[in-house]
Amino acid sequence: MRRFRFGLTARIVAVLVVLGVAVFPLYWMLVTALSSNNDLFAEQPRLTPDIGRIGVFVEALAEGKAAGWLLNSLVIAVGTMVLSVGLGIPLGYALSRFSFWGKAALTVVLLFTQMLPEALMVVPLFALFRRFELLDSLTGLVLVNSAFVLPIVALILKGAIDGIPKELEEAARADGARPFTVLSRINVPLIAPSIAATAVIAFFHAWNEYVFAVTFIFSPDLQPASVGIANFIGELGTPIQTVMAVAFLFTLPAVAFYLLVQKYVVSGMTAGAVKG
Amino acid sequence: MTVLEQTGAPKTTRQPGARRRPSPLGSKWTPYLFLAPAALFILVFQAVPLVQEVYLSFTRTRLLNPTRSEWVGLENFNRIFGDPDFHRTLLITFVYVIACVVGAVGAGLVVALLLNKGFRGRGVARALVTIPWAAPGIAVALIASWMLNAQYGIVNRLLDAVGLGVPGGAILDSPRYALPAVLATTIWQLFPFTSVVLLSALQSVPQDLNEAATMDGAGRWATFHAVTWPVIKPTVGLLALLMTIWSLRRFELIWLMTKGGPVGATETLVIDLYSQAFDSKELGSAAAIGMVGVVISLIVITGSRLVARAVEKGDVR
C-alpha cells in the first residue's frame, strides 16, 4: 500500500516535470516579452509575466515590420496548403486505388524526397527559379514548399483512402459515376479528418520554412516572419521584448492549431510513415 | 494492387454499358490523369534539381559564376575526404544523429510510458507535451539562444545558482558545451513526436497479458520486457529510422543557434554544405558534401530494411 502511494506521487511528479520541460520555453518567451528592462537585467529575473505590459504585442505589430512578415507567412502558408493538398488528394487516390506502370518507382521517389535536405536543393532550385523568374516572389516559395510537403501529404492521404471499403466506390461506379466524381463525392468526405491533418501539416511546413525563404527573397517587404525573426537573432538594436513578442505571435497559431487537430495529425503521420 | 481486377472497372464498363462511362480517355489512362499534376510538380522541383546537384558534385563551380562549370570527376570527393575538417564534420554528424535518435526515442518512450496509464487530466497532459513539436524551428532557436544567453539567460542563472555554471556562462560559445546545448534543444523539439507515436503503439499492448504477468509475480521490468517491448519494437525501429533521417537533414536550429561554430564544434554535414555553398561559394564541394549525406541516408534506409526483413524471418533476434 505504501509502495503504491509512493509510486503514485513519483508518477505525478514525473508527469509535472515533463510538462514543465515541454511548456517552459514557450512560457519563458511570454515572460520575456512582458518584462521591463529592469526585470530582464536584474540580479533576480522576474519569473511571471507582467500582464500590465500586454501592450508590447500591439506595439510590436504597429511599429516594426512584424505585421507585414506575418502576413507574408500567411500568404505562403495558405498557398502551400491549397496547392499541396489539391495535388496530394488525386495522387494519394491514384496510389491507393489503381495499379499503373511506374507505381513502384513513383512510391520510391516519394519516399526518397523525404530524406533530401532542403539545404542541398537550395543551389539547383536557385538556378531553376532564376530561369523562371520566380526569385524574390511569394509564388516561388509556395511552389517549392508545396513540392517538399506534397510527398508526405500524398502518402498520408493514400493511407486514409486505403482504409475506405472499396464497396462504397464500386456502387457509385456501377451507377456510372466518373472516377473524379467518385473521388470527390465518396472518398473526400470520408477522409475529411485526414485532409484536415495534411492541411495543417502543409500550412505549418510553409509557415516554419526558413532556408528557401532566406535564400530566395531579397526584398524586405516580401520577407516572411521566419526570416524576419531569424534576423533579429543577430541584431543588437531591437529590444528583446519586441523580439519575443513577435516570436510568440509567430508560435502561437502553430501550437494552437496542432493542439486542436493533433489526434488526426499524429495518426495521419504514423499511418503515412508506416504504410508509406 | 488488385483493385482494378476486383472492381472490373476497365473491362465491364466497356461492355454493354458504354454509355455508362462517358470518360473519352478510357480507364487505362485514369490513374495518370490523377497523378500527372503532382508527378510533374515533383519532377520539376525535386527530381531535376537533384540530378543537377549530382552533376554539380563532379564539377568545379563557383557560386558567383555558376554557368561556367568545369568537369573535374572525383576531385571534390577526393578533396573533402582528405580534409581533416571534413572528418571532424562526419564525426560530429555521427554524434549528433546518434544522440538525437537515442535521446528522442528514449525520452519519448519514458514519456509515453508515463502518460499511458489513465489519470485525470491525461488528455491535457498529452496536448501540452506536443507543444515543442508544434513550435516553429525559428522560434525554438530564438528562445533557446536567449535562454542560453551568457549574461542574462535563465539557464546560466539556474546553473550558477546550483554551482554548475560554465565560466562566463558562454555555453554556445564554448567548443565543449555548444554541441550538447544544440542537442538538448533538438531532442526537446523531437521527443513529443516519438512519445505520441509510442503512446499510440502502447495502446495496442494487450492489457490482460500485462495483468497476467503481474499476477504471476513478474516485476515491472520483466513485464515490460516480455509483454510491452515485443509489441512496440517495430514502432521503435521505425522511429529510430525517422529520427536518423530527420536529424541528418536538420538545418535551421543549428544554423541559427551556432552557425556550426564555435570552431566547427556543431558543424554537421548540412551546415558544412550550406557554408561551402554560400560562404566559400564552392558549389561543387557543397554538392559533394550533400551527396555524402544522401548516400549515408540511403545506406541507413537499406540497412534498416534488411535488418527488419531478417528479424521477420527470425534469423536475428
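Note that Cβ sites are derived from N, Cα and C of the backbone, with glycine treated the same way.
The domain 'ABC transmembrane type-1' annotation in TrEMBL covers B:90-304.
The annotation region 'Disordered' is assigned in TrEMBL to B:1-24.
Under the heading transmembrane segment, TrEMBL lists B:29-48 (among others).
Taken from TrEMBL, the feature transmembrane segment covers B:90-115 (among others). Proximity of distant same-chain residues to the transmembrane segment (B:90-115), defined by a Cβ-Cβ separation under 8 Å and at least 6 residues beyond the stretch ends, is recorded for 122, 125-126, 129, 179, 182-183, 186-187, 190-199, 201-202, 232, 236, 239-240, 243-244, 246-248, 250, 264-269, 292-293.
TrEMBL lists B:127-148 (among others) with the feature transmembrane segment. Proximity of distant same-chain residues to the transmembrane segment (B:127-148), defined by a Cβ-Cβ separation under 8 Å and at least 6 residues beyond the stretch ends, is recorded for 111, 115, 154-156, 171-172, 181, 185, 188-193, 195-196, 252-253, 256-257.
If one looks beyond the transmembrane segment (B:179-202) by at least 6 residues along the same chain, the residues whose Cβ comes under 8 Å of a Cβ in the stretch are 92, 95-96, 99-100, 103-105, 107-109, 111-113, 115-116, 126, 129-135, 137, 140-141, 144, 148, 171-172, 228, 231-232, 235-236, 239, 243, 246-247, 250, 253-254, 257-258, 265-266. Annotation source TrEMBL lists transmembrane segment at B:179-202 (among others).
Tertiary proximity for the transmembrane segment (B:222-246) is limited to same-chain residues at least six positions away from its ends with a CB under 8 Å from its CB atoms, namely 97, 100-101, 104-105, 108-109, 190, 194, 197-198, 201-202, 204-206, 209-210, 213-214, 297, 300-301, 304, 308. The annotation transmembrane segment is assigned in TrEMBL to B:222-246 (among others).
Sequence annotations record features per position, and here TrEMBL assigns transmembrane segment to B:286-308 (among others).
If one looks beyond the transmembrane segment (B:286-308) by at least 6 residues along the same chain, the residues whose Cβ comes under 8 Å of a Cβ in the stretch are 53-54, 56-57, 76-77, 80, 86, 89-90, 93, 234, 237, 240-241, 244-245, 248-249, 269-270, 272-274, 276-277, 316.
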